[in-house]
Amino acid sequence: MGAGSWGTAFGVMCVDAGEPTTLWARREEIATEICEQHTNGAYLPETRLPDALEATVDPERALDGADVVVLAVPSVGIEAQLAAWGPAIPRDATLVSLIKGVDVETLRFGSQLVSESLDCDPARVVVVSGPNLASECAQRLPAATVAAGSVEARTERVQRAVMAPYFRVYTNPDQTGVEVGGAVKNVIALAAGMAHGLGFGDNTMAAVITRGLAEMVRLGAALGGQALTFSGLAGVGDLVATCTSPKSRNRTVGDRLGRGERLDEVVASMNMVAEGVKSSRAILGLAERAGVEMPITQGVVAVCHAGHHPSELVDGLLQRSAKPELYGL
Ligand SMILES: NC(=O)c1ccc[n+]([C@@H]2O[C@H](COP(=O)([O-])OP(=O)(O)OC[C@H]3O[C@@H](n4cnc5c(N)ncnc54)[C@H](O)[C@@H]3O)[C@@H](O)[C@H]2O)c1
Ligand SMILES: O=P(O)(O)OC[C@H](O)CO
């Protein structure tokens, strides 16, 4: 449900895993292009989609008979979409959240937005998250991910549904840890992009990634995630991919801010969503509520939402008081 970059790439992998798959697209022209030309030029311009991948703007047709419903719209749009789709979602279907964002008003992660919008058992929700840049997955370059949920039969069903020959899926019961990893890495990638845009070096990048991981672990542990999850694909794996790849939207936004562009202009120039921009405020809100320090996140919020210059983020981090490395991580 969602024919943006990740929804479409995910659909490609489901077809390649042998699943009959129908994409729901918001725009008629995108559904028609997918069905007739087997491309989605607005989101994945370099990819020829499989002939078997169907698309429609009719949610009832897309959802008809589905035992796995994959939700691929950003956090900002998911509640309104679910309100419209709810009655058409088959009873007991497994609901897959691909969302790597946190709602700014309610501080809820994607899985909570899904189960509470549908007023359904949270155990029906499986979160899929990992180092998965959509364009690479759609080009069938080898990659791996995590399917996280509390019911093994559901995580294993999702594992089978998307385990294409080039895409390896691991299951993990730690949905909280996996979801914290996917949301926090976007915020740290904004900072990593800023460091790159400001002209800093590889040492800077390594420091941002490593201290960003410390923030992820701190918040994740406070919210009930397992420490080991953050050394997995949905933690450090996704953090590395997103912070270092020019294909990442979040890193690209940070890079352009570091080069002196204004946030509103950068966001307006993109046809895709960089979740970290809005989620940074929500993640800082969660950190404050849990009493954990997230200085990189705090700096990203100051740049994105209080008009600070990216160089102030760097100065602020370097001027923090001296500490032992693993003090509170
Ligand atoms: N693109 C990736 O590489 C990637 C990989 C893993 C996870 N994700 C996550 O998947 C989610 C979806 O991202 P994407 O990359 O497909 O985004 P996208 O911007 O490429 O596409 C978003 C899709 O949702 C629809 N949409 C956008 N705003 C909407 C709104 N307000 N209401 C309803 N529908 C809306 C669009 O029409 C489009 O079909 C995000 O949470 C993202 O962080 C993305
Ligand atoms: O392009 P981004 O920054 O939204 O990142 C995409 C994926 O989440 C990478 O795993």
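Using the three backbone atoms N, Cα and C, a Cβ is placed for every residue, glycine included.
What TrEMBL says about this one:
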- K185: active site, proton acceptor (ACT_SITE)
- G2, A3, G4, S5, W6, G7, A134, R249: NAD(+) binding site (BINDING)
- S5, W6, R26, R27, Y43, K100, A134, R249, V273, E275: NADPH binding site (BINDING)
- K100, G130, K185, D238, S248, R249, N250: sn-glycerol 3-phosphate binding site (BINDING)
- K100, R249, N250: substrate binding site (BINDING)
- 1-149: domain 'Glycerol-3-phosphate dehydrogenase NAD-dependent N-terminal' (DOMAIN)
- 174-314: domain 'Glycerol-3-phosphate dehydrogenase NAD-dependent C-terminal' (DOMAIN)
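On the structure: features taken from TrEMBL.
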residue	record	DSSP class
A3	NAD(+) binding site	coil
R26	NADPH binding site	coil
K100	sn-glycerol 3-phosphate binding site	coil
A134	NAD(+) binding site	helix
K185	active site, proton acceptor	helix
D238	sn-glycerol 3-phosphate binding site	helix
N250	sn-glycerol 3-phosphate binding site	helix
V273	NADPH binding site	coil
Span of the NADPH site, taken as the largest CA to CA distance across S5, W6, R26, R27, Y43, K100, A134, R249, V273, E275 (Å, rounded to a whole number): 23
Cα-Cα distance, maximum over K100, R249, N250, record's substrate binders, Å: 13
Euclidean distance between Cα atoms of G7 (NAD(+) binding site) and G130 (sn-glycerol 3-phosphate binding site), Å: 14
Separation of alpha carbons, D238 (sn-glycerol 3-phosphate binding site) and the residue listed as 'active site, proton acceptor' (Å): 7
Cα within 10 Å of Y43 (NADPH binding site) - qualifying binding-site residues among G2, G4, A134, N250: G4, A134
For K100 (sn-glycerol 3-phosphate binding site), the number of other Cβ atoms found within 10 Å of its own Cβ: 29
Contacting recorded positions, sequence order - G2, G130, K185, S248, N250 vs ligand 1, Cβ under 6 Å: G2
Separation of alpha carbons, G4 (NAD(+) binding site) and R26 (NADPH binding site) (Å): 9
